[in-house]
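**Student:** Supplied in structure tokens, the structure appears directly below.
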Amino acid sequence: MSNGGGAASSTTHLLDFLEEPIPGVGTYDDFHTIDWVREKCKDRERHRKINSKKKESAWEFTKSLYDAWSGWLVVTLTGLASGALAGLIDIAADWMNDLKEGVCLSAMWFNHEQCCWTSNETTFAERDKCPQWKSWAELILGQAEGPGSYIMNYFMYIYWALSFAFLAVCLVKVFAPYACGSGIPEIKTILSGFIIRGYLGKWTLMIKTITLVLAVASGLSLGKEGPLVHVACCCGNIFSYLFPKYSKNEAKKREVLSAASAAGVSVAFGAPIGGVLFSLEEVSYYFPLKTLWRSFFAALVAAFVLRSINPFGNSRLVLFYVEYHTPWYLFELIPFILLGVFGGLWGAFFIRANIAWCRRRKSTRFGKYPVLEVILVAAITAVVAFPNPYTRQNTSELIKELFTDCGPLESSQLCKYRSQMNGSTAFTDNPNQPAGPGVYSAMWQLCLALIFKIIMTIFTFGLKVPSGLFIPSMAIGAIAGRIVGIAMEQLAYYHHDWFLFKEWCEVGADCITPGLYAMVGAAACLGGVTRMTVSLVVIVFELTGGLEYIVPLMAAVMTSKWVGDAFGREGIYEAHIRLNGYPFLDAKEEFTHTTLARDVMRPRSSDPPLAVLTQDDLTVEELQGIINETSYNGFPVIVSKESQRLVGFALRRDITIAIENARRKQEGIMFNSRVYFTQHAPTLPADSPRPLKLRSILDMSPFTVTDHTPMEIVVDIFRKLGLRQCLVTHNGNVLGIITKKNILEHLEELKQQTKPLSDGI
């Protein structure tokens, strides 16, 4: 008996090159899904190997320690880099934002606030005016007041806004197209196991950091908080390549990316705990307990670095720190819940309008000119924003002003209340008085700002520049909340004898805190858009320090989610994932239909038969022919054409790499060489060329379901195990295959079928 090659020695000394790991086998192509089960098995095998060797020598023991600590080391580096970059972005964005209005002559690198810190000529009422800071009208025309100076400042504001926007979109288009947008939809998809090469690379990191500063400074209706999550994940991805434990295992790498997303939110809002919960609730697909601890540590390190840099100059980690001195009362839950309803309605409207606009952008010629679109939106934003002080200022500063309670240190128009003293009318910052003309003027301006922000945010999110949604959504909610808060405050002042106020609001007492309403409104609107709950409440109370007001926040956020879910269960990130066609199985979606596995599997009755490989009677030429004629990512391996019994599953990429590697390293492999997936080579004629053994690339335990398995269970298996594909069998014989793409197509078909029914009801 001979197994080929003509010599008996070739049987005993057959070069089975596949017993050694083949470079490239087990890796993935771009825009493909990873096999979570295989990756976890690889990691367990690597861990067993290290543990078995660690007692052999001191060097092996040191290597095992390094392996154990590499996880903590990579999240530490990620936290350090995320905190440093966030601090840099905050400082640069503040400086460039103020550059639109003027420049500091004493020190060019100071923003407006820093420029006037050292001045002895500022007054309490006009603390932002000092000789060192010059507006562009003062520098160019030599005058600070008058129509000429207003027009010059208006022109320079538009000029700088357009310059920043143009530079941002050009850098993104030329150097890193993946640097645009928020990044959170793609990161959710990547964490679910999808491969997008270059999305978390060094070029994307560098360009996103630079263009994020430019985009925020341009005055567009966007924030830097969402993109900071993308920046942190880029850092995590780059540092993971320093450690083989993570660079060679896609599932382990996603544990680092989960921790990085927590660090991103930690530095975006100064909310480390909120960052961990955000990673758990919103972006992560696989979140073991070990990842929870590492996420917590990464968020801690990132927050510590940001606090050390002190970008806001107030020795605090957060920008919106507030101190309210009045407790909230039970009756106020009614307006808080109404703000929640507004947030849910705004969220549902925004998601539908923004997705409709983005779909139109993709399907029309307008989408082919991203630079022109950004310039157009930036021009409209700048022209409309400048006359209104609440839209002209930085959105973060606007939110801070709306959150802040009126007191003796506030010079805002929102705090200009009337004071009746000895028959004469004066103005005071005490909110226990009737509103003065300044408050009414501010209310009108806020109403206009609300309309402006709602319209511009719809058209801005999705532009080819880095654009976050957290801050614009919070600004819309904060404006609405402050308007409701002032209305409630005046109602309590003029009608303190109503039964609603009589019990708890005495005449002249400080009963209502408008800033609290702004905070609740901001949380409600952000919750309506993203459908976050627990993490959002924690982020907001960490962001403001308002732990006492956690119940109003919870009530508003939960209401906004319920109202938003009534119009559609998708948040904005899930909607964009679906729009872009990413293979993402949302764990929040319920499968309620009664279809079976055989209804979804491929091939369908009208399709060609299933492409399969036999275990020991294919030649290399026949195998390559099957690969070239089909585009499938893998093939079931069966016993023979007569017996369709399943042996295992082989991936297309692994087969191709294995054949190329065999031809390069092994002599005697020819087109008519027999390929076998069994443990022992088949019996061959004496003059046959050397056979090729591919058993080591065969998955001997692929997931299978019977043709009568309910799709509800199949979908659950795909979600919980992160499968790429599942084979469908009947009495052990292979009938077909179900991939993640098939499931997503099936869910979309069912959704389209139920839509006309729900529309008609």
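Each Cβ is built from the backbone N, Cα and C atoms, and glycine gets one as well.
Annotations per TrEMBL:
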DOMAIN    601-667  domain 'CBS'
DOMAIN    698-757  domain 'CBS'
TRANSMEM  69-89  transmembrane segment
TRANSMEM  157-179  transmembrane segment
TRANSMEM  199-220  transmembrane segment
TRANSMEM  227-244  transmembrane segment
TRANSMEM  256-280  transmembrane segment
TRANSMEM  329-351  transmembrane segment
TRANSMEM  371-390  transmembrane segment
TRANSMEM  442-463  transmembrane segment
TRANSMEM  475-496  transmembrane segment
TRANSMEM  516-541  transmembrane segment
**Student:** Considering only Cβ pairs under 8 Å, which range in 157-179, 199-220, 371-390, 442-463 makes the most contacts with the transmembrane segment (69-89)?
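**Tutor:** Going through each listed stretch, the top one turns out to be 199-220.
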**Student:** Using a Cβ distance cut-off of under 8 Å, indicate which of 227-244, 256-280, 329-351, 371-390, 475-496 has the most pairs with the transmembrane segment (157-179).
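**Tutor:** The stretch with the most contacts is 371-390.
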**Student:** The transmembrane segment (516-541): which same-chain residues, six or more beyond its ends, come within Cβ distance under 8 Å?
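**Tutor:** Sequence-distant neighbours of the transmembrane segment (516-541): 265, 269, 271, 273-275, 277-278, 280-282, 322, 324, 328, 335-336, 339-340, 342-348, 350-351, 399, 402-403, 405, 469-470, 473-482, 484-485, 488, 547, 549-550, 552-554, 556-561, 563-565, 569-573.
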**Student:** Are there residues at least six beyond either end of the transmembrane segment (256-280) with Cβ under 8 Å to its Cβ atoms? List them, or say none.
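**Tutor:** 71, 74-75, 78-79, 82-83, 86-87, 187, 190-191, 200, 224-226, 228-233, 235-237, 239-240, 246, 286-287, 291-292, 294-303, 305-307, 316-319, 470, 532, 534-536, 538-540, 542-543.
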**Student:** What parts of the chain pack near the transmembrane segment (475-496), using Cβ distances under 8 Å and only residues at least 6 beyond its ends?
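**Tutor:** Residues 332, 335, 338-339, 342-343, 346, 390, 395, 398-399, 402-403, 414, 431-435, 439, 443, 446-447, 449-450, 453-454, 457, 502, 505-507, 511-526.
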**Student:** Going by DSSP assignments with H, G and I as helix and E and B as strand, what are the residue counts for the domain 'CBS' (601-667)?
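**Tutor:** Secondary-structure composition of the domain 'CBS' (601-667): 24 helix, 17 strand, 26 coil.
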**Student:** Sequence-remote contacts (6 or more beyond its ends) of the transmembrane segment (199-220), Cβ cut-off under 8 Å?
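**Tutor:** Apart from its flanks, the transmembrane segment (199-220) reaches 85, 88-89, 92-93, 96-97, 99-100, 157, 160-162, 164-165, 167-169, 171-172, 175-176, 178-179, 183, 186, 190, 227-228, 230-231, 233-238, 257, 377-378, 381-382, 385, 392, 394, 456, 460, 463, 465-467.
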**Student:** Suppose you look only at the domain 'CBS' (698-757); what would the mean pLDDT be?
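**Tutor:** A mean pLDDT of 87 is what the predicted model shows over the domain 'CBS' (698-757).
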**Student:** Other than its close neighbours in sequence, what residues sit by the transmembrane segment (227-244), given a CB gap under 8 Å and a spacing of at least six beyond its ends?
**Tutor:** 70, 73-75, 77-78, 81-82, 85-86, 89, 181-184, 186-187, 190, 200-202, 204-205, 208-209, 212, 253, 256-257, 259-261, 263-265, 267-268, 283, 302, 466-468
